[in-house]
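**Q** Below are the features listed in TrEMBL for this protein:
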type	residues	note
BINDING	TYR264, HIS273, HIS349	2-oxoglutarate binding site
DOMAIN	255-366	domain 'Fe2OG dioxygenase'
REGION	297-318	region 'Disordered'
Amino acid sequence: MCVQASCAQFWMLSTPHGLFPVPLGMALTYDPAFLAPAATPAHRKSVPYAVVPPAPSGAQTGEAEDGGQAGSRTLWKGWVCTECGRANCRYRWERWECRACGNRLLDAGAVVPSLGLPRRLDVLGEADDCSPGVRMTVHRLASTPATVVAYTLPRAGTVYHVLHDTAAAADAIWEAYQRAAADVPAAPLFERRELKSNTVKGGLLSQQFAINSGASYKYIVETLSYTFAESPPSVMDALELIRERVASVLGARVDFNEILSVMYREGQKMNWHDDSEPGLGPVVAALSLGSPATMSFRPKAARKPNAKASGASSKEPSLRRPLPVLNFALSHGDVVIMSGRAIQHMYDHKVVPLGLRVAATARVIQG
Ligand SMILES: [Zn+2]
Ligand SMILES: [Zn+2]
C-alpha cells in the first residue's frame, strides 16, 4: 500500500491477483507520525477558487448576460457587499442593498414596454384544459368587449377567465407598475418579505416582490401594507379596472378593500396555495400583466381524520397529491375572478409565469 496520491498503489492492497481497494473495516496498523495532528500545509490553506460570486450582471451598466432583460433571473440573485463583504439577498426590486453597512448597488433594469409583450392568438390556448368534472361555458361580454370562459368547480364556485379584445387599459398599468417599482423611494414599495417558516432557521425570503394596499392581508408572508392613498397610481388603476370588470361579469359591484400587487422576475412563481383568511369575502379577482402565465387549480388533499390514532402510516395519504383539475393560460390584460368562498377552502391554485409579470389581486377583507 502507498500513501502518495499519484501512485497506482495509493490506498490499494497488493495481492497475487493484482491491486484491490482496502475492504471496509479492515484492521490497519498506522505509523504514529501519520496520526499525529499537523498544521494544514501552507499551499492548501486557501480555497483554490473564488468564493465571492461576481457582482450581478445588469447592475448599473444595464448589460445583463441575457441582454439586460428587466425580469432576468440574474437580477434576483444575491450580492456580496463591495464595502464590508456581507452576503446579501436581493430584498428590494429597484436595487441591491447591504443590510450591514447600507452600501447600495442600483439596478439599471429598464421598463419593458407593452408593445413587445406577446399577445394572445386564440381565445383558448393549448395549455387550457379541465377535467370532465369541471363544467366550462363561454360567453361574450358586450359592455367591455371580452370573451368570458366560466369554469364551475363542483360544490365550490366558479372561476371566470376574462379575455379582453384589447389590452389598452392594461398596457398603461403595466408600464406604470414598472416605473413605480424602479423608482427609488425612501421606503421600499416592492420588497421580498420573510416567509413564516418553522422549518428553516434564519430568514427565508418569498420569491416575489410584493406590496399590499388597503386592508392588511396576512398572506403566507408578512407583506408591507400601505393605505390606498399611499399606494402608487398603478395600484389604484389596477383596482379600478378589476372593479369594473367584476361588475360587468358578475352584474354587481364588489367593493374590494384590499389589493396585493406581486411582481415576478424570470423564474419566480407562486406555488400551490389558497387565498383564504378570516373575514375574506366570497369574490377574489386578479389582473395579469406582462408575460403569459399558466394558472392551475387542484383539490386540496383530503385529510384522514384518524390516521395517527389508528396507527396507519402518516406518509401514505400526504404522498398522494391530487392532480390539477383545471389549467389555463393567462395573457397580458386578462382578469380571473374566483367567485365562491368554498373555492379557497376546497382548492389550491398556483401560477407559473414565463417571465417578468405583475399580478394584482383584489379581495374584500372584513375586519
Ligand atoms: Zn456592506
Ligand atoms: Zn392566490
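Any Cβ shown, glycine's included, is placed from N, Cα and C.
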**Q** State, in Å as a whole number, the widest CA to CA span among the 2-oxoglutarate-binding residues TYR264, HIS273, HIS349 given in the record.
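**A** Pairwise Cα check on TYR264, HIS273, HIS349 gives a maximum of 17 Å.
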**Q** Counting other Cβ atoms within 10 Å, pick out the least crowded of the binding-site residues HIS273, HIS349.
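**A** It is HIS273 that, of the binding-site residues HIS273, HIS349, has the fewest other Cβ atoms within 10 Å.
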**Q** DSSP on the domain 'Fe2OG dioxygenase' (255-366): how many residues come out helix, how many strand, how many coil?
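**A** Computed counts for the domain 'Fe2OG dioxygenase' (255-366) are 11 helix, 52 strand, 49 coil.
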**Q** Can you count the other CB atoms that lie within 10 A of the CB of TYR264 (2-oxoglutarate binding site)?
**A** 26
**Q** If I take every residue in the domain 'Fe2OG dioxygenase' (255-366) and average their pLDDT values, what number comes out?
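**A** Summing pLDDT over the domain 'Fe2OG dioxygenase' (255-366) and dividing by its length gives 83.
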